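Pulled from TrEMBL:
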- 7-43: domain '23S rRNA (guanine(745)-N(1))-methyltransferase N-terminal' (DOMAIN)
- CYS8, CYS11, CYS24, HIS28: Zn(2+) binding site (BINDING)
- TYR71, GLU97, GLY98, HIS184: S-adenosyl-L-methionine binding site (BINDING)
- 90-173: domain 'Methyltransferase' (DOMAIN)
Amino acid sequence: MKESLLCCSVCGQPLTFDEKNARCPKGHCFDRAARGGYVHLLRQHRRGSSDPGDSAAMCQARTRFLEGNWYGPLRDMVAKLAADCAPKDILDAGCGEGWYTRAVLEACPDARLAGIDLSRYALRHAGRTCPRGDFAIASLFELPLADASVDLVLHLFAPMCAEEFARVLRPGGTLLTVTPGARHLWGMKEVLYQKPYENPTEIRDLPGLTFEREVCVEDTITLTDPQDIAALYQMTPYAWKTPKEAADRLLHRDALTTPISFQIHLYRKG
């Protein structure tokens, strides 16, 4: 039995995990899904659909691409910055399949971690590959964590809810956000679009948090396996909105060279 950072979605009391269930002091019990060990804490009014979050196909594509270590420089930097914070308790808000989560746990061997995502497909993988973490289907806009309960919030490529992040952070705690840099995946955009556009790169003012610093991570990658090119495309939002003709131009290529660029922003709760 271990006490988790996660809280009951019925009464808000802390959950205790065993191999099969998570239970709060008031007796509310949540089954841990057999294929991954996550619990379902998403309240009905937050669901939006019967199967929220990223699809199985998108999660499979992202897993294939990330496990190729193409974003290794970003993963290494996130893990280093997390370790520099010396956190005791961590929330990975939008943890996906747990690829970055694993690196952070390795860099912070004594920390507890809770991971939140909407996708059951992603959490199956995260639960299997990150046994030290406790994972739950839940909304970032209604986090199942107590006030001032974590030292570090990781927020990589996920919807922003600064008010909730500020609520769960302890005084002096850190929010670490990652967003695409201006010319991230520019080589892919040049294939897909006649007039590629740069990503916005402004530093956002977040309520309850003070911006501290920016760290940029940049590299150039060359993919020579069409399956890797397809996986990269399928894990991005471009796969949802690109015309078929443009997608075919990309997916029939034998190689793709593109810059990768990331902005890491660190915020502090006063």
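Any Cβ shown, glycine's included, is placed from N, Cα and C.
In this entry, S-adenosyl-L-methionine is bound by TYR71, GLU97, GLY98, HIS184, whose most widely separated C-alpha atoms sit 22 angstrom apart. Under 8 Å from some Cβ of the domain '23S rRNA (guanine(745)-N(1))-methyltransferase N-terminal' (7-43) lie the Cβ atoms of residues 1, 52, 118, 120, 123-128, 131, 134-139, 142, 144-146, all in the same chain and six or more residues away from its ends. Take the Cα of GLY98 (S-adenosyl-L-methionine binding site) and measure to each of the binding-site residues CYS8, CYS11, CYS24, HIS28: the nearest one is CYS8. The Cα of CYS8 (Zn(2+) binding site) lies closest to that of GLU97, out of the binding-site residues TYR71, GLU97, HIS184. The Cβ of HIS28 (Zn(2+) binding site) lies under 8 Å from the Cβ of CYS8, VAL10, CYS11, GLN13, each of which sits 6+ residues away along the same chain. Geometry remark: GLU97 (S-adenosyl-L-methionine binding site) versus CYS24 (Zn(2+) binding site), CA distance 26 Å. The Cβ of CYS24 (Zn(2+) binding site) lies under 8 Å from the Cβ of CYS7, CYS8, VAL10, CYS11, GLN13, PRO14, LEU15, THR16, each of these being in the same chain and 6 or more residues away along the sequence. Mean model confidence for the domain 'Methyltransferase' (90-173) is a pLDDT of 97. Cβ proximity to the Zn(2+) site centre (mean Cβ of CYS8, CYS11, CYS24, HIS28, cutoff 8 Å) flags the following additional same-chain residues: CYS7, SER9, VAL10, GLY12, GLN13, LEU15, ARG23, PRO25, LYS26, GLY27.
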